[in-house]
Amino acid sequence: VLGGDECDINEHPFLAFLYSHGYFCGLTLINQEWVVTAAHCDSTNFQMQLGVHSKKVLNEDEQTRNPKEKFICPNKNMSEVLDKDIMLIKLDKPISNSKHIAPLSLPSNPPSVGSVCRIMGWGSITIPNETYPDVPYCANINLVDYEVCQGAYNGLPAKTTLCAGVLEGGKDTCVGDSGGPLICNGQFQGIVSYGAHSCGQGPKPGIYTNVFDYTDWIQRNIAGNTDATCPP
């Protein structure tokens with residue numbers, strides 16, 4: 001996260017850390033057995049750590065999990081990495097809530113333009129050279145009007161995405177923050193998907209998967225209906 005500060009150790013009990021060979025992502029715990037991240041964070045072999053703050057100084061209640069099942073939208077266009085950029089993961093065993101671990105529920109309402117949204121992650125805090133912090137960084141940005149975003153990206157973002165940033169630039173998610181949450185007015189509204197080639201370019205806000213549009217798909221999969229499709 002660019003332009004932020006170290007997150008408070010107690011403000012992100014739902015934020016988890018996904019790591020594989022040579023890369024990592026954020027993810028969000030939504031209940032005792034399920035987490036949500038970006039589809040582009042998938043790999044054949046990854047582990048997830050919950051209850052993490054510092055990567056060097058471990059919390060006593062940290063828990064590590066492997067994916068038991070992974071779900072991406074069956075109607076996702078596989079040739080487009082960023083189409084329907086959401087993945088639902090069932091953990092290999094349930095998590096118990098603890099001091100640094102607690103889920104964030106799915107949103108009950110869609111987000112509104114202008115909302116103040118919190119971003120967080122262990123991604124780079126500098127550009128163009130990347131610097132990865134030991135603890136997650138947090139910043140507040142704003143939800144931007146969809147049309148503004150389409151203009152900035154030549155019509156690229158799909159309707160099931162949100163745009164958020166600050167127009168003067170300098171505050172943004174960055175490399176390594178993918179898959180983490182966008183929390184607007186206390187609700188889990190977005191998943192970090194992509195952004196301008198260089199993070200923090202004001203006129204090009206970050207692009208986030210719109211969680212509200214996928215709540216039905218998520219709930220159906222959790223209930224065992226794995227044939228559920230996502231919105232177009």
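Backbone N, Cα and C define each Cβ position, glycine as well.
Taken from Swiss-Prot, the feature domain 'Peptidase S1' applies to 1-223.
C7 (disulfide bond) falls within neither a helix nor a strand when secondary structure is assigned with DSSP, and so counts as coil. C7 (disulfide bond) counts 22 other C-beta atoms within 10 Å of its own C-beta, drawing on all protein chains shown. Sequence annotations record features per position, and here Swiss-Prot assigns disulfide bond to C7-C138 (among others) based on experimental evidence.
What Swiss-Prot lists as disulfide bond is C25-C41 (among others), and the listing cites experimental evidence. If you take the C-beta of C41 (disulfide bond) and look for same-chain residues 6 or more apart in sequence within under 8 angstroms, you find L18, C25, L27, M87, S178, G179. DSSP assigns C41 (disulfide bond) to a helical segment in the three-state reduction.
Under the heading active site, charge relay system, Swiss-Prot lists H40 (among others), citing similarity to another entry as support. Taking Cβ-Cβ distances under 8 Å and a sequence gap of 6 or more within the same chain, the neighbours of H40 (active site, charge relay system) are V81, L82, D85, S178, S193, Y194.
C73 (disulfide bond) carries neither a helix nor a strand DSSP state and counts as coil. For C73-C230 (among others), the entry in Swiss-Prot reads disulfide bond.
In sequence order, D83, K84 are the residues of the chain that are 6 or more apart from N77 (N-linked glycosylation site) and have a CB within less than 8 Å of its CB. Among the features that Swiss-Prot reports, N-linked glycosylation site is placed at N77 (among others).
Neighbours of D85 (active site, charge relay system), defined as other CB atoms within 10 A of its CB across all chains, total 27. Here Swiss-Prot flags D85 (among others) as active site, charge relay system, drawing on similarity to another entry.
In sequence order, P111, S115, V116, C117, R118, L143, A164, G190 are the residues of the chain that are 6 or more apart from C184 (disulfide bond) and have a CB within less than 8 Å of its CB. Look at Swiss-Prot and you will find C117-C184 (among others) tagged as disulfide bond.
Look at Swiss-Prot and you will find N129 (among others) tagged as N-linked glycosylation site, backed by sequence analysis. There are 6 other Cβ atoms within 10 Å of the Cβ belonging to N129 (N-linked glycosylation site). According to its DSSP assignment, N129 (N-linked glycosylation site) is coil.
For C149 (disulfide bond), the same-chain residues that are 6 or more apart in sequence and have a Cβ closer than 8 Å to its Cβ are P157, T161, C163, P205, I207. What Swiss-Prot lists as disulfide bond is C149-C163 (among others), and the listing cites experimental evidence.
Residues or ranges marked as disulfide bond in Swiss-Prot: C174-C199 (among others). Close to C199 (disulfide bond) in the fold, though at least 6 residues off in sequence, lie L2, S124, I127, D172, T173, C174, V175, G206, each with a CB less than 8 Å from its CB.
For S178 (among others), the entry in Swiss-Prot reads active site, charge relay system. In the structure as shown, the Cβ atom of S178 (active site, charge relay system) sits within 10 Å of 25 other Cβ atoms.
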Report task. Ten-angstrom check, please: count other Cβ atoms within 10 Å of the Cβ of C25 (disulfide bond), all chains counted. Result -> 28
Query raised in the report: How big is the Cα-to-Cα gap, in Å, between N129 (N-linked glycosylation site) and C138 (disulfide bond)?
Result: 19
Report summary line: Within 10 A of the CB of C138 (disulfide bond), the number of other CB atoms across every chain shown is 19
